[in-house]
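Report on the following structure.
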């Protein structure tokens, strides 16, 4: 069989090839916890009330092609990004100026800020902060250039609940396993080869970050045993992703507990010097002293249906435990920060990253983002957005976290025309990233979807720092490739989860 | 809380304790492949046609109490059992005498023997045989003694398709994990403790056995790459149990393939010197030379619905590949062999195990078994079986492999009365093993069953030998504890699978 070119990747499989690949993929995934709890549309909760069923997590059958230079760019720049966001999180005055622009449009950000101010009244008692970050990128090929070169452009930077670190390590191992057992046709052997497949160390590396914070907390002040607290949503379909971190943490000797965010006030309390005490409901006579709070919940307004949920966040933030992330670090991840950093000619990155060389490498990964206010950049943006010819290069996004849908390209001018100008500042204008259109096949809920996909590279970073400025730990912590069906004419990605994937490096 | 005694084990759990234990058990099991494909009664195949769902394998919530002396007895004697059954499998004349007594009552045994004779015509071309054995026991406490001591009594000896080696390693790790995270109440800490929980090394140790055979086969005769062939049932709900062995084997660099037994003739062939060639359907241009055939199918008459299935078994047996097991080894595991060995005053064990000390340790683990024929032992048995007072100590079992139900205790005399005496030799009479009645809780299909249980200890053994008598490899290979609800007044165990369990050693 002749070998396939990149344009023909992945190859068509014969029924026998597909059967072999799939049966191995389905068994390996369950045998190694590359799994999710099934969606209610797949298995009704009444069928499995105690929740013993699981299914293969949505995964790609093949590792997606990814330019090696872009992959190395993303991993190579992560420590600089960790440093940048640690610096932002330490700069309360700067963050305040950002938040002040949002309080009118974003209740959630306002409430987070207010919680910070509450804590500040009495003063923070923990000067260490932990970030388990994930910087998400797409490969961008500028279509207007005659010889388009490619580079990474940032989609967003996550400072809270960066997910899929557990599953990502497993999917990269899965694709390597499938290669080892010859599940990929020989015709692909010049592309899918051992040296091209990158294992992600994300699960162990993120767990190592939690362990580092746990250790940096120091000895117990109460005499109680120490633990890390995973603050989680309940129910959580993506529980195995988190569990892999817990198990890796336990292997390094660190106990952790899962606490549904909504039950925080029932099972935690602050003692007189604000040490956080967690009382396991199964063993109330053995309270634990919490060294580190790892938020896998609390990042969305939906996590705060009751007033008490804000009391809970306040209690956790007031505590002596190291927060992953603190509220200021959480706020550093809001879209507005990304916009301000990425506004053309912005001075901010250089403010936080004094080394010009480092700053310029970070700046290279920004796609231009404009406010739609009456600043100079805003006035420029209004021109770009209302002109049908220039608008085709942009996407309009609401500033509010998790709020509303994006408006793409030629739909922007008519959208703005219908919108009162006073509401325009609630949006930002971002240059479209033009990722290469690839092909792949995704297994999801037992069904295979084949076709065009776009890939998003997430690079994890661990950073532990002190308010005073000392960076205690800083490392790049593996990667995630997330792949979604390319279903929108507008270039937007399909809603929902997509699939976990791994990189097959080319070039 | 006061500590519980053995009589109160396992402890009652509070709802919070049970919730903590179960949520951890359910997540850990899926994250580590302690899983099965769901039963059709739980998930209808139409709901998940491609088979991506899995559920926690039926497991006990607690490790069951098991006397340390019995555990050590079982593990300590396994190498002698390996030696015994390797010797039986090598003694064709002796096996012939056994089989001749069965050909009238057991078509399956007759057919296996006939297949052996077919191969013998041209001569066997492989003098190595591999056994992955499992010797199953119950703890027996003689109720007639004033101070009952306990010892192991053998239930059966498996020479083919000894299952659960993969899951057993995982369940012992699960119970250890649950101990580590304090899922067992403090009141049990004097019982469930690290030193009492025995990890089973069965998965890696059985895989090591397959790897040893693979290596002993030697270099490729055809120039094709070498592989191990797992001959399996299809579909197989217990697939992860087998997959764990495959993955462990791959880690030692040995490729293996799964071949549904019914597809043997489509994908294998013998070349001129009876080298077995396997052609993977996904990659017909890359045939493999098979070093070792590992049967996880072919042990039941149900596996042979068509004449071609016997042709398939013949083809595999004729081949140069090392069989695990060979047909003679398969036959060595039939009930009749166990009966002949365990008939009181039988000379046979000493024939196969010349060392008196070794032989007597094996003999200690036999519960007396009698034929119901007109031999001297048979006449003794007929008296015991027809007398209602002595019959209460016995169970009547059909000689046929996998055939019919057992008849227990006082039901034996009326059963025999209705049966023509010419049919009596189709049964054997076995002294009942009186296992201690324990308590435990089993999670199966999402439901928890609590109550009385009985436990069966399986000890795995690996043995590689030559027809000439040389024992190339011989080791004990970990254990399985299988626990079933004690639901029968007659002392019989509930039908079906039971649950995988691990040992909490006491005494």
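From the backbone N, Cα and C atoms, a Cβ is placed for every residue, glycine too.
Worth saying up front: this structure is predicted, and the values here are computed from it rather than measured.
Copied from TrEMBL, the annotated features are:
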type: BINDING; residues: B:134, B:160-163, B:236-238, B:242, B:296-299, B:482, B:493-494; note: substrate binding site
type: BINDING; residues: B:156, B:158, B:401; note: Mg(2+) binding site
type: BINDING; residues: B:156, B:335, B:397-406, B:408, B:430-433, B:456, B:484, B:490; note: ATP binding site
type: DOMAIN; residues: B:227-332; note: domain 'Glutathione synthase substrate-binding'
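Here the features listed in TrEMBL are placed on the structure.
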| residue | record | CB count, 10 Å |
| --- | --- | --- |
| B:134 | substrate binding site | 30 |
| B:161 | substrate binding site | 23 |
| B:237 | substrate binding site | 17 |
| B:242 | substrate binding site | 23 |
| B:297 | substrate binding site | 23 |
| B:299 | substrate binding site | 23 |
| B:401 | Mg(2+) binding site | 20 |
| B:408 | ATP binding site | 20 |
| B:432 | ATP binding site | 19 |
| B:484 | ATP binding site | 21 |
Pairwise Cα distance for residue B:156 (Mg(2+) binding site)/residue B:134 (substrate binding site) [Å, integer]: 9
Three-state composition of the domain 'Glutathione synthase substrate-binding' (B:227-332), taking helix and strand from DSSP: 41 helix, 28 strand, 37 coil
Among B:163, B:237, B:401, which are recorded as binding-site residues, the nearest neighbour of residue B:484 (ATP binding site) by Cα: B:163
In three-state DSSP terms, the structure that residue B:163 (substrate binding site) belongs to: coil
Three-state secondary structure, which DSSP defines for residue B:484 (ATP binding site): strand
Those binding-site residues, out of B:158, B:398, B:401, B:408, B:432, that come within 10 angstroms of residue B:134 (substrate binding site) at the Cα: B:158
Sparsest-packed of the listed binding-site residues (B:158, B:163) - C-beta count within 10 angstroms: B:163
Environment of B:156, B:158, B:401, the listed Mg(2+) site - residues of the same chain whose CB lies within 8 A of the CB centroid: B:157, B:159, B:333, B:334, B:335, B:338
Neighbour count (Cβ, 10 Å) for residue B:398 (ATP binding site): 17
Other CB atoms within 10 A, centred on residue B:156 (Mg(2+) binding site): 15
Rounded to the nearest Å - Cα separation of residue B:408 (ATP binding site) and residue B:401 (Mg(2+) binding site): 18
Spatially closest candidate among B:163, B:237, B:242, B:297, B:299, the listed binding-site residues, to residue B:398 (ATP binding site) (Cα to Cα): B:299
Distance from residue B:299 (substrate binding site) back to residue B:401 (Mg(2+) binding site), taken between C-alpha atoms, in Å: 9
Cα distance (Å, whole number) from residue B:432 (ATP binding site) to residue B:163 (substrate binding site): 24
Residue pair residue B:432 (ATP binding site), residue B:158 (Mg(2+) binding site) - Cα distance, angstrom, rounded: 19
Where residue B:398 (ATP binding site) falls in three-state DSSP terms: strand
Candidate binding-site residues B:242, B:297, B:299, pick with smallest Cα gap to residue B:158 (Mg(2+) binding site): B:299
Across the domain 'Glutathione synthase substrate-binding' (B:227-332), average pLDDT on the 0 to 100 scale: 97
